[in-house]
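Colleague: When I checked TrEMBL for this same protein, it listed these features:
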- A:141-204: domain 'CBS' (DOMAIN)
- A:205-261: domain 'CBS' (DOMAIN)
- A:289-311: transmembrane segment (TRANSMEM)
- A:317-340: transmembrane segment (TRANSMEM)
- A:361-381: transmembrane segment (TRANSMEM)
- A:387-413: transmembrane segment (TRANSMEM)
2 protein chains.
Amino acid sequence: MIPFKLTEELLSEIEQLIDDRQDDALHTMMEEVHYADIAEIINELNEDQATYLIKLLDSGKTSDVLTELDEDVREAILGNLSSKEIAGELEELDTDDAADIIAELPREIVQEVISEITDREHARDIVDLLRYDENSAGGLMAKELVKVNENWTVLTCVREMRHQAENVTRVHSIYVVDDEGILKGRLSLKDLLTASTKAPIREVYIPKVDFVNVNEKPEEVAKIMSKYDLEAIPVVDEIGRLVGRITIDDIVDVIREEADKDYQLAAGISQDVEADDSIWELTRARLPWLFLGLVGGVGAAAIMGGFESLISQHAILFFFTPLIAAMAGNVGVQSSAIIVQGLANDDLKGSITQRLVKEMMLAALNGLILAAVLLLFTWFWKGNLPTALAISISLIAVIVVAGIVGTFIPLFLHRRGIDPAIATGPFITTSNDIFGILIYFWIAKLLLGIG
Amino acid sequence: MIPFKLTEELLSEIEQLIDDRQDDALHTMMEEVHYADIAEIINELNEDQATYLIKLLDSGKTSDVLTELDEDVREAILGNLSSKEIAGELEELDTDDAADIIAELPREIVQEVISEITDREHARDIVDLLRYDENSAGGLMAKELVKVNENWTVLTCVREMRHQAENVTRVHSIYVVDDEGILKGRLSLKDLLTASTKAPIREVYIPKVDFVNVNEKPEEVAKIMSKYDLEAIPVVDEIGRLVGRITIDDIVDVIREEADKDYQLAAGISQDVEADDSIWELTRARLPWLFLGLVGGVGAAAIMGGFESLISQHAILFFFTPLIAAMAGNVGVQSSAIIVQGLANDDLKGSITQRLVKEMMLAALNGLILAAVLLLFTWFWKGNLPTALAISISLIAVIVVAGIVGTFIPLFLHRRGIDPAIATGPFITTSNDIFGILIYFWIAKLLLGIG
């Protein structure tokens with residue numbers, strides 16, 4: 001496959017064709033292009049050009065394009081379409097994608113758009129999905145699935161399945177339900193084909209099936225599906241009725257978004273932003289964490305102000321404060337990152353105390369090695385062994401405390417039901433800066449026998 | 001689904017059963033447990049217990065368990081199995097998983113194990129796979145797929161497919177090849193069922209099919225499959241022959257591993273470690289970055305030593321060095337994280353210059369706001385407006401430079417073909433610490449008219 005590459009030339013060629021209203025040329029050009037690539041093109045066009053192209057192309061294709069667009073671009077384009085046109089697009093989409101788009105529409109036109117959908121069953125399914133929290137299995141699932149009643153015969157089943165499969169892009173599994181719609185099991189295509197046509201489904205289905213509750217968190221669904229290598233999972237309501245199914249492609253998106261979010265939090269970016277967002281959006285996502293850093297720095301300055309009397313005799317202590325702050329911050333971030341990842345992947349075993357003891361030993365080991373190096377450097381630099389010793393011993397203490405803080409905070413947040421990912425990055429760095437400098441001066445003062 | 005939860009009680013119950021050689025009870029107990037969960041159990045057992053359980057259970061199940069185990073546990077268990085027993089396990093696995101396990105075996109037994117595999121076609125496929133670089137599409141793919149010749153009739157095709165499908169756990173697509181084995185297209189099950197049995201495949205297949213080259217990087221395959229929502233993709237060699245296929249569950253693992261690696265790099269952890277690894281492994285992964293931080297801190301101390309003459313008149317300048325270092329580090333990490341993510345997701349548009357200008361404006365805006373706050377604080381604290389102004393103006397300069405460095409370094413590394421993810425975290429923090437403090441003292445000195 002030659003991967004599609006949106007070059008400047010291609011883009012300006014398309015813009016020219018749109019501005020010249022070369023409909024035939026556009027049609028021919030776009031015919032071979034995948035909807036995900038068309039979305040990439042449209043994200044770069046201006047609103048008028050984008051709307052023109054969407055209206056020009058067939059809704060079988062543009063509906064998929066719409067689902068792939070950046071949110072602001074999609075909003076702009078839908079604002080230029082009539083309710084009937086929007087309904088036409090939704091008609092082509094699976095219910096989960098359609099519901100996602102409707103959830104973004106302005107309240108006042110939602111009802112009108114839904115009333116314009118000609119396939120009433122499709123409309124009902126979409127409306128059902130709108131009820132679920134976006135951040136739950138219900139918010140992820142689609143209504144498109146193939147289900148059969150345990151009381152049917154194989155023959156009825158095959159006939160019904162053929163009908164249902166028309167609406168389902170990819171049949172992953174055939175689910176078996178009872179008269180109440182409660183999920184009982186699944187059916188393998190192989191068993192279905194080899195069983196007698198008169199046999200009741202009850203006798204051929206597999207009663208073991210993985211499923212998730214409609215209120216399950218998307219991250220949990222992702223964990224289950226990737227742990228058990230599932231490509232689709234049925235979703236049941238509180239009394240076990242089959243209400244939808246989630247496919248692996250939606251889960252891939254969940255995993256990517258989670259990873260992006262954790263990464264940004266660790267880097268001190270508080271909202272989901274991209275490099276191409278406006279300066280204003282980027283500032284809003286970044287400034288809060290920088291403020292936190294500022295507060296930490298001011299706190300550190302205030303602490304150092306309190307030790308000002310040392311400055312004439314032991315100026316060198318002040319030269320190492322950035323080093324102390326950096327080491328405290330780095331160790332804290334390392335410790336917390338490992339804990340955050342362990343919690344996310346569910347592979348943390350043992351008690352908090354064990355964890356803290358291990359981290360303390362680890363930090364002490366790292367601290368000893370680093371302190372030895374620093375000792376040699378400061379000793380040679382200033383030729384003053386007591387000061388060099390005081391600085392190095394303080395460094396060990398600072399590193400051990402930083403490791404403990406970095407381990408404890410995410411575990412504590414997790415216990416309290418707060419996403420521990422916010423603990424890595426600036427939060428840990430800032431508190432460790434202040435703590436570190438306080439401990440450093442306090443121990444150094446003690447060791448040097450001042451005050 | 002009630003998620004499986006490995007409790008302390010359950011674990012010690014299983015250990016007791018193994019130690020008492022209660023084979024029947026173990027069989028009954030494990031029958032209902034998913035292989036991924038059995039792997040979780042075995043990861044916690046000691047080597048003897050683990051080997052006993054693997055030997056006890058049926059290889060249809062234990063082969064899958066083996067693929068899910070931690071690498072060190074798997075290595076220990078396989079060391080206790082005979083070549084024949086290992087071959088028996090491999091026989092049950094898909095070729096990609098079997099090849100991954102063989103690649104971990106000691107060189108001297110590989111040939112023996114392969115010779116013990118009774119299904120010679122399976123053995124040949126595994127040997128073929130061993131040739132590919134682990135870090136390529138070839139290293140990810142499996143040989144199990146359903147392919148038909150374009151010259152066959154629909155009838156031959158259905159007969160052949162039934163045979164091939166026996167070896168394929170999940171049929172995602174039916175691939176069409178010519179007499180040379182070159183990938184021509186795919187076949188939909190629907191078309192196959194509705195076409196006349198005598199029609200040649202040539203007339204019913206879909207000539208458009210996504211594929212990847214066998215040398216493609218796993219991250220690229222992941223991007224393509226998730227962009228185009230594919231559940232499986234065929235892999236072709238240099239002349240277009242169909243040699244394997246990659247399924248989405250392998251890609252989910254690739255995405256998770258990539259995300260974990262980037263997260264750890266950003267947090268200053270250089271190897272793939274988990275919270276439960278030994279203190280020694282954790283130290284090896286963390287110490288190099290801490291050393292880097294130490295070097296940065298020593299550099300900063302040396303710079304401050306060079307400005308020692310300022311200390312009697314302007315001690316306050318020294319109090320703010322941790323703040324300056326922290327802000328330079330935080331801004332640098334924020335800028336680089338956004339670039340790294342943009343590069344990973346392929347959504348960076350425009351030139352490096354545009355990017356740098358934007359980051360400069362963003363940093364200047366953030367810097368202005370933060371400097372204004374800092375100005376008020378220092379002015380009130382010490383009542384000395386010139387010093388407060390000097391500190392604040394330096395802060396703006398430091399933030400702007402940090403933003404530019406944070407943007408430039410990952411873009412530069414990417415251009416040079418180096419993974420930009422190593423740029424976030426300690427690397428950026430350390431260089432920005434040194435830069436920041438140098439700029440800070442230099443500008444402050446200039447503004448305060450000293451020296």
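A Cβ is built for glycine as well, from the same backbone N, Cα and C atoms used for every other residue.
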Colleague: With DSSP, how much of the domain 'CBS' (A:205-261) is helix, how much strand and how much coil, in residues?
Modeller: 24 helix, 15 strand, 18 coil
Colleague: Can you break down the domain 'CBS' (A:141-204) into helix, strand and coil residue counts using DSSP?
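Modeller: Summed over the domain 'CBS' (A:141-204), the classes give 21 helix, 17 strand, 26 coil.
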Colleague: Counting only residues 6+ away from its ends, which parts of the chain sit with a Cβ under 8 Å from the transmembrane segment (A:317-340)?
Modeller: 262, 266, 300, 304, 307, 310-311, 348, 355, 359, 363, 366, 370, 374, 378, 387, 390-391, 394-395, 398-399, 401-403, 405-407, 409-411, 420-421, 423-425, 428-429, 431-433, 435-437, 440-441, 444
Colleague: Mean pLDDT over the domain 'CBS' (A:141-204): what is the value?
Modeller: 82
